Amino acid sequence: FLIHIIAQITNCKKHILQIFEDNDGPGHDEEKVRERMTFCINYHRTIISYTESVYAVFNLVLIIHISVTSLIFGVTLYLITKVETYADKSRYSLQLAGWIALLFITCYYGQRIITESVTIADAAYQSLWYNGPVSLQKNVKLMIMRGQRPLKLNVASIGVISLETFVGVRLTWSF
């Protein structure tokens, strides 16, 4: 789901960059530009709504995932320090590495959504908005303002799922 959100944001940016492009010869057809603008605004709203829905569905799952991962980190690190044989230490170390990888993947895609979502504002700014009608220029400004607020994977009591969260979890058990 997270990769799908990133792909939709990328596609939306491509459409935004094409709003004011003149493909039909000299002069802008204001009605076509207005249709493209309306499509992009609705597309961006749909992405935001879909993202919020996905986050609402997976909120509890992510709370459980992060909590269980933290518990497993602690238990596995304890076992690594207590076992005597090299084989057991290796086995527990590999298990810990797998759990770290799972947490990293989740945090990485959360960070990608944050990063990609703010590039919507960049795409709107990079479009040829200054060549369009004044009424549509105002719409672009509003799109830029909304695009500057990142889409964040907020988990109720834990916070935003991002690489910053991963580093925070990583630092809590490093000693």
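Quick reminder: no glycine exception, Cβ is built from N, Cα and C everywhere.
The transmembrane segment feature in TrEMBL is assigned to 54-80 (among others).
Within the same chain, residues 2-3, 6, 62, 65-66, 69, 72-73, 76-77, 79-80, 83, 152-153, 160-163, 165-166, 169-170 sit at least 6 positions outside the transmembrane segment (92-110) and bring their C-beta atoms closer than 8 Å to a C-beta of that stretch. Residues or ranges marked as transmembrane segment in TrEMBL: 92-110 (among others).
Annotation source TrEMBL lists transmembrane segment at 151-173 (among others).
Note on the transmembrane segment (151-173): residues 2, 5, 47-48, 51, 55, 59, 62-63, 66, 69-70, 73-74, 77, 100, 103-104, 106-108, 110-111, 113-114, 117 of its chain, located 6 or more positions outside it, place their CB under 8 angstroms from a CB of the stretch.
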